[in-house]
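Feature annotations, courtesy of TrEMBL:
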- ASP29: active site (ACT_SITE)
- ASN77: active site, proton acceptor (ACT_SITE)
- ASP29, GLU216: Mg(2+) binding site (BINDING)
- 30-34, ARG42, HIS46, 74-76, TRP78, ARG80, ARG197, 203-205: substrate binding site (BINDING)
Amino acid sequence: MTTQQTNLQYLPSDLKPELLPQHVAVIMDGNGRWAKRQGLPRIMGHKRGVDALKDLLRCCRDWGIKALTAYAFSTENWKRPQEEVEFLMSLFQRALRQELKEMVEENVQIQFVGNLQALPKALQEEISRSMDETKNNRSIKFTVATNYGGRQEILQACRAIAQKVQQGILKPDEISEQIFESHLYTAGITDPDLLIRTSGEMRLSNFLLWQMAYGEIYITDTLWPDFDRAEFHRALCAYQQRNRRFGGV
Ligand code: IPE
Ligand code: IPE
Ligand code: MG
């Protein structure tokens, strides 16, 4: 059985395969508020958030969506209390170690975008290992934005390009959108078709600023740990109704 047949078998009947987004991005927001509502410490919300992400990855794979990008930690999230930052870093590391085997078996290709050098060494090692062990996998491209900032991404691309101009490798008029994109962290990943943000906040919070030029945005009040298949189904139904004009008529 081919992968495509398997996918169609799981896809809810009101979703049209030809109208599915190729690439879905998520701003997983509201973990803290979820925990507060349950009378739990914020970190419990982050723990449950990992489970929600695991389910969404599996769902995307089942329904034939070829790329999922999740915002896990922004360049601004370092402002949080030290205990929370430390908990998040060790949570990422633990989750990666626990999930790697299954991602290998399920043919998931995982990659990370962001300023990864500033992450704790142990996490960096887990990241390199997971990217290396899944690099030839093709069922879905799963990108985790960690210590990611859209402005920083654009700035580092500018620096790299400026250096090439200075070295005479590139001429200023040769800097096209394509060349520029090839210097972003997301080089080789198509722009998201659909960005979902949970917890009702209506902003990008420095996520994929360049890449979201024409991406559709869907906002739900649901808090991230409660975001499940039924919620995702609703987001995809809404996406299917959108008329993407890209500036045309
Ligand atoms: C998102 O949930 C997770 C991260 C930013 C790491 P929050 O922690 O921002 O949850 P709220 O927004 O405080 O509810
Ligand atoms: C965005 O959420 C970052 C992630 C989900 C990783 P935040 O909770 O940090 O965003 P703001 O501060 O509400 O804009
Ligand atoms: Mg938040």
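Here the Cβ of each residue, glycine as well, is placed from N, Cα and C on the backbone.
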Distance check against ARG197 (substrate binding site) for the recorded positions ASP29, ASN77, GLU216, keeping those with Cα within 10 Å: ASP29
Entry from the recorded positions list ASP29, GLU216 having the most other CB atoms no farther than 10 A: ASP29
Binding-site residues compared (TRP34, TRP78) - highest count of Cβ atoms within 10 Å: TRP34
Collapsed DSSP category at ASN77 (active site, proton acceptor): helix
Close-lying binding-site residues around ligand 3 among TRP34, THR75, TRP78, where CB distance stays under 6 Å: none
In sequence order, those recorded positions of ASP29, GLY30, GLY32, TRP34, HIS46, LEU204 whose CB lies under 6 Å from ligand 2: ASP29
Contacting binding-site residues, sequence order - THR75, TRP78, ARG197, LEU204, GLU216 vs ligand 1, Cβ under 6 Å: none
Same chain, 6+ residues apart, C-beta under 8 Å of the C-beta of HIS46 (substrate binding site), given in sequence order: ASN31, PHE87, LEU88, LEU91
Candidate with sparsest Cβ neighbourhood (10 Å radius) among GLY30, GLY32, the listed binding-site residues: GLY32
